[in-house]
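Novice: Right, I'll just put the structure down here and ask away after.
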Amino acid sequence: MAVNVYSTSVTSDNLSRHDMLAWINESLQLNLTKIEQLCSGAAYCQFMDMLFPGSIALKKVKFQAKLEHEYIQNFKILQAGFKRMGVDKIIPVDKLVKGKFQDNFEFVQWFKKFFDANYDGKEYDPVAARQGQETAMAPSLVAPALNKPKKPLSSSSAAPQRPITTHRTTATPKAGPGVVRKNPGVGNGDDEAAELMQQVNVLKLTVEDLEKERDFYFGKLRNIELICQENEGENNPVLQRIVDILYATDEGFVIPDEGGPQEEQEEY
């Protein structure tokens, strides 16, 4: 039977998005580039097969799933495995299959803790177990779109912007600065244009992911700020310490005077 894990709080042990993808890809020998690709449920099914051999009907798992009803079927297989091994976790299938970053990132954070609590270190050949199948490309990778951030960030947004550098190595391996220069004597303008367009699309996806991650962490910081404001009259030293951390700035940082330029314009 499985060891249940109930903690869902954010701790220093939580992996970043980049580290989480690296762990999944290394453990299962996959090539996932986005947390959202976990919405198919296939990776979780194989992790369960790794932890508890025979708990999952792995042959029924659709690693090439591209449609929502296929994702749901995979999660049903996962739920059956959870029930068989006595795992109490309720899987939010309706949210996960929508492919939203926040929902999938929160669930995989829990699953990583569950995995660590149950993994015994035994050898496992993931490619042979799934008979060489690879996961399907996420639908959003086919027609990428560059979205602008939905909310302006205040001075407290400095903290959530720090994870920005974590995504640079998650681009698809096909794109690279040296791709266009391969076989210069043979290639033509159309091929080079196609390669450049592919690189642009990858960069757009990277920016989109970074904006989602920034907004995700900003939302958490904003919720913490609201809780502190609601209880600021209690003179709680812990709350005050949290507020100090929220509003702390890097050494030497100066908040710009937004009124300065307007006043100068009025004088002229």
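Keep in mind that glycine also has a Cβ here, set from the backbone N, Cα and C atoms.
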Novice: Write down the single range among 64-87, 232-255 that appears in Swiss-Prot as region 'Interaction with SKA1'.
Specialist: 232-255
Novice: Per DSSP, how many helix, strand and coil residues does the domain 'EB1 C-terminal' (185-255) have?
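Specialist: Taking each residue of the domain 'EB1 C-terminal' (185-255) in turn, the totals are 56 helix, 0 strand, 15 coil.
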Novice: Please list, in sequence order, the residues in the chain of A2 (N-acetylalanine) that are at least six apart in sequence and whose C-beta is under 8 Å away from its C-beta.
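Specialist: For A2 (N-acetylalanine), the qualifying residues are L51, F52, F82, M85, G86, V87, F114, N118.
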